[in-house]
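Feature list (source: Swiss-Prot):
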- 1-162: region 'CPSase' (REGION)
- SER46, GLY214, GLY216, LEU242, GLN245, ASN283, TYR286: L-glutamine binding site (BINDING)
- 166-353: domain 'Glutamine amidotransferase type-1' (DOMAIN)
- CYS241: active site, nucleophile (ACT_SITE)
- HIS326: active site (ACT_SITE)
- GLU328: active site (ACT_SITE)
Amino acid sequence: MNKYLTLADGTQWIGTAIGDCQLEAAGRIVFNTGMTGYQETLTDPSYLNQMIAFTYPLIGNYGIDPTVAQAPTIGAQAIIVHELATFNDHYTSRQSLASFLTIHHVAGIEGVDTRDLTIHIRQTGAQMAILSNHPITDFEAQLATFAPQVLTATPLPVATTTIRPRVAILNFGEKAAITAELQARGADVVVLPPTASLKAVAAYHPDGILLSNGPGDPTDYHTYLATIRQLAQRYPLAGICLGHQLIALAYGAQTYQLSFGHHGLNHPVQACADGRIIMTSQNHDYAVDPASIKGTPLIVTHTELNDGSIEGLRLPHQAVMSVQFHPEAHPGPQEAGQFFDDFLLTIQKEAVVNA
């Protein structure tokens with residue numbers, strides 16, 4: 001059956017329905033330039049309320065491996081591809097991408113020239129879009145019929161080990177790979193809801209706090225900023241992606257929306273201290289405003305080489321550090337994992353100082 005992709009500016013593409021074929025969807029359209037990693041991308045909670053257009057022309061050729069999912073469900077509202085593979089040729093595959101989309105009730109469209117779509121987004125900026133079963137005649141009226149999705153809050157867990165160091169992750173939409181990277185380095189991890197009070201966090205006796213990635217506009221999380229500052233006074237604090245932006249806001253900086261976001265696996269980032277360049281995985285539509293850093297205690301540690309946007313921050317006299325990119329990758333290059341080593345080393349040093 002036909003599927004219609006309509007952008008807010010009236011531009012339309014017609015293709016064939018995939019996934020949950022009868023389902024219609026709406027969300028902010030973004031493009032992802034990764035040649036691989038579609039499963040990790042689709043299950044990244046940061047893509048909540050977004051429709052992902054994959055620029056690589058063939059998606060789904062190595063199927064679905066349940067061990068690499070970043071969350072139990074698909075975060076994206078819809079998937080847009082040029083061609084969906086009819087085979088899944090990999091020894092780890094347990095099902096096709098087509099069946100994965102159907103089981104998780106995700107709408108999709110194939111037969112779209114996603115590179116043409118990407119050029120259009122780059123020229124006009126990110127915008128809302130609707131994936132429908134019929135042509136759209138009144139975009140705003142149709143858009144009003146869709147309700148945005150919200151993440152389910154994580155309950156308070158039960159700490160079952162005495163392993164040190166213990167890192168408490170405030171889960172704004174955490175990818176599973178973040179926990180895995182910390183555990184691979186010997187840390188115990190407890191994942192807490194972002195609404196956890198200082199008292200609730202303290203009950204787990206953490207040695208450090210990590211603010212996770214997550215979806216949406218960072219200014220929508222303003223109610224957490226005071227708690228973030230209080231946590232930074234008591235524990236070493238790190239932030240990834242949204243967590244990075246929240247640390248910036250908590251210390252007086254501002255954020256802004258990028259024209260079309262960073263969504264891909266090959267973003268070059270340079271460390272300000274030594275000039276070292278790493279390739280990073282990125283997924284964000286907002287960034288910290290460089291002009292707003294002046295007058296705050298924050299110091300820029302990393303920048304993106306394509307557009308000069310801020311990719312890392314720290315506080316010089318507190319154990320606070322953050323990065324805009326995804327050091328855990330999954331998908332993407334593994335060059336940025338040093339961030340976790342640095343954070344755990346900071347925790348170790350703070351433990352010695354406070355002993």
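Don't overthink the numbers, they just go from 1 along the chain as shown.
Each residue, glycine too, has its Cβ placed from N, Cα and C.
The number of other Cβ atoms within 10 Å of the Cβ belonging to GLN245 (L-glutamine binding site), over all protein chains shown, comes to 29. Apart from the site residues SER46, GLY214, GLY216, LEU242, GLN245, ASN283, TYR286, the chain places the Cβ of PHE172, GLY173, ASN213, PRO215, PRO218, CYS241, HIS284, ASP285 no farther than 8 Å from the centroid of the site's Cβ atoms, the recorded L-glutamine location. In three-state terms derived from DSSP, ASN283 (L-glutamine binding site) belongs to an extended strand segment. Sequence-distant contacts of CYS241 (active site, nucleophile), defined as residues of its own chain at least six apart whose C-beta falls under 8 angstroms from its C-beta, comprise SER46, SER212, ASN213, GLY214, ASN283, HIS284, VAL323, GLN324, PHE325, HIS326.
Ranked by CA distance from GLU328 (active site), the binding-site residues GLY216, GLN245, TYR286 have GLN245 at the top as the closest. For ASN283 (L-glutamine binding site), the number of other Cβ atoms no farther than 10 Å from its own Cβ, over all displayed protein chains, is 29. For TYR286 (L-glutamine binding site), the same-chain residues that are 6 or more apart in sequence and have a Cβ closer than 8 Å to its Cβ are ASP217, PRO218, GLN245, THR255, TYR256, GLN257, LEU258. The number of other CB atoms found within 10 A of the CB of HIS326 (active site), across every protein chain shown, is 27. Taking the Cβ of GLY216 (L-glutamine binding site) as reference, residues of its chain lying under 8 Å away and at least six apart in sequence are, in sequence order, LEU48, ASN49, LEU242. For the L-glutamine site, whose binding residues are given in the record as SER46, GLY214, GLY216, LEU242, GLN245, ASN283, TYR286, the maximum C-alpha distance rounds to 13 Å.
Classification of GLN245 (L-glutamine binding site) by DSSP places it within a helix. Following the DSSP three-state reduction, the secondary structure of GLU328 (active site) is coil.
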